[in-house]
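So that you can see what the record holds, here are the features copied from TrEMBL:
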- 6-28: transmembrane segment (TRANSMEM)
- 40-60: transmembrane segment (TRANSMEM)
- 90-111: transmembrane segment (TRANSMEM)
- 123-148: transmembrane segment (TRANSMEM)
- 207-240: transmembrane segment (TRANSMEM)
- 256-310: coiled coil (COILED)
- 332-354: transmembrane segment (TRANSMEM)
- 374-402: transmembrane segment (TRANSMEM)
- 422-447: transmembrane segment (TRANSMEM)
- 475-494: transmembrane segment (TRANSMEM)
Amino acid sequence: MGDFNLALVIVAIVVCVIVFISSIYLLVNYQHPDDANQAYFPKFVVVFGLSIAMISILMLPADVANRHACRHAIYNGACNLTLPMKDLWLAVYIVDAILVFFVIPFAMFFYEGDQEKTMGKRIKSALLWVVSTAVVCALVLGILYGVIGKVDFTVRHLASGTTSFPTSWQFSNNQPCIGNTARQCSAFTASVASEKTWSMRTTFPEYVVALATIVGSVLFTIFGGVGIACLPLGLITAFIRRPKAVITRSQYIKEATELGKKARELKKAADGLRQEEKNGAKGRAWRKNVKAVEKELLQLEEDVNLLEEAYPQGEKAETAWAFTVLGYLAKFILGIIGLIVSVAWIAHIIIYLLVDPPLSPFLNEVFIKLDDVWGLLGTAAFAFFCFYLLLAVIAGAMMLGLKLVFITIHPMKWGATLMNSFLFNVGLILLCSISVIQFCATAFGYYAQATAAQEIFGHTLQSLRGIKYLYKYNVFQIGFVILAGLTFLYYIAFGWRRKKPSARFQLSS
């Protein structure tokens, strides 16, 4: 038994190293050329934040494997070298909360600060914002913890008489308990008055994790619900809208001329907005126009890429066209696979979480059977489904960012992602990763039973005073399914159409 646990520790160390290397790889390949050889502190925050996010997702499968290491022990403390999962959970999520609410905002304020100012002034300006935020958060957390930082467990007081130890055991539907006269156990005969509420104060770290989970759950419900539909359907509609054939040179010149005209209009609008900013006219209309310019710029970049795909140039034009066709075919295949995963997620939520009692364990049973085939196969599938939810959150944030004025656009592009966009998306991933883990621990409760994650995100979180009703009535799960259904309907009705630019810029000067 100890050998298996030692192997688990070694695997955990190796996975952490791989995660760290993967984070560096993502940073190097996604960063904008303008950020090369500079902005080292934001880059460190990005790598560290991505590593924490990925490790937190992988910790739930590790928690399940840690429990399996002791499945033959009478109690968990009976086997040696198990990972201290509860302490690890709390440590990771305290670090997660510090990164989301303090470190990442500081890095964003520092990165976006006036480049003409000295380093000291930029640090001072960023610290003022972060310290103000820290004071407000500390006051709110302290007041909430002091007033309602308790958990309320519903318990039942049971009592029964004594009887002689039997010489033989005879149980049946008519006699489920020991004794010749007892036809029902005390739990069945207990009155309603035997139910009582047992209150106790939770620990402060668990309370911080719980509140961070609530904030993340709101974002996860909105972005994840939209994203779980738009992630696969976006890939499929990209295949439907793909260029069917190489266009002629005259068509290319005509389209390129139109795009050049649009680029000049955007430059003129951007110059006007910059002048308004210098004049101090940063009102609601200015912010709306900035958002409109950002949308049009993203649409322009997409149109330029599509034009380059439809008219490949150079000596390897035929090879480039072949790769374009294969790329769209890969998007279609990945879209179909993603659609299957999304439908499986929605079906599992309805079957296992929203119907009481559950109609079937569904994916829980699939993971258990995969574990029977090979020890880590079910764990790998479990981790994939959790990671898929994080991808859905990013896809949903991108889609809503293009649709709604009050959501800032922070696109992630290969070789063209600025550090502020990187930091924003890492913060979103970190904040939603807590909720993804809580969601997975609940959705796969049968597979992840008796884990440290269930103790933190199940019993404590769902019994927290003032919050438990959100989980008792499945508010987040219902909202997730409704938004996913609405997004599916939207894509069926309008998603296959190519969107045309509609923004107009009304400058005040």
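From the backbone N, Cα and C atoms, a Cβ is placed for every residue, glycine too.
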Cβ-based contact of the transmembrane segment (374-402) with the transmembrane segment (207-240), 3 or more pairs under 8 Å: yes
Sequence-remote partners of the transmembrane segment (475-494) [C-beta within less than 8 Å, at least six residues beyond its ends]: 217-218, 220-222, 224-226, 228-230, 233, 237, 342, 346, 349-350, 353-354, 435, 439, 469
Cβ-Cβ under 8 Å with the transmembrane segment (207-240): same-chain residues at least 6 beyond its ends: 89-90, 93-94, 96-97, 100, 141, 144-145, 149, 328-329, 331-332, 334-339, 341-342, 345-346, 389, 391-397, 399-400, 428, 431-436, 438-439, 456-457, 460-461, 464, 467, 470, 476, 479-485, 487-488, 491, 495-496
Long-range environment of the transmembrane segment (90-111) - Cβ separation under 8 angstroms, sequence gap at least 6: 39, 41-42, 45, 48-49, 52-53, 55-56, 59, 122-123, 125-127, 129-130, 133-134, 137, 205-206, 208-209, 212, 419-420, 423-424, 426-427, 430-431, 433-434, 456
Long-range environment of the transmembrane segment (422-447) - Cβ separation under 8 angstroms, sequence gap at least 6: 27, 30-31, 42, 45-46, 49-50, 52-53, 56-57, 59-60, 64, 93, 96, 99-100, 104-105, 107-108, 111, 209, 212-213, 215-217, 219-220, 223-224, 348-349, 352-353, 361, 363-365, 367-368, 378, 382, 385-386, 389-390, 393-394, 397, 408, 410, 412, 453-454, 457-458, 461, 471, 476
Arithmetic mean of per-residue pLDDT over the coiled coil (256-310): 81
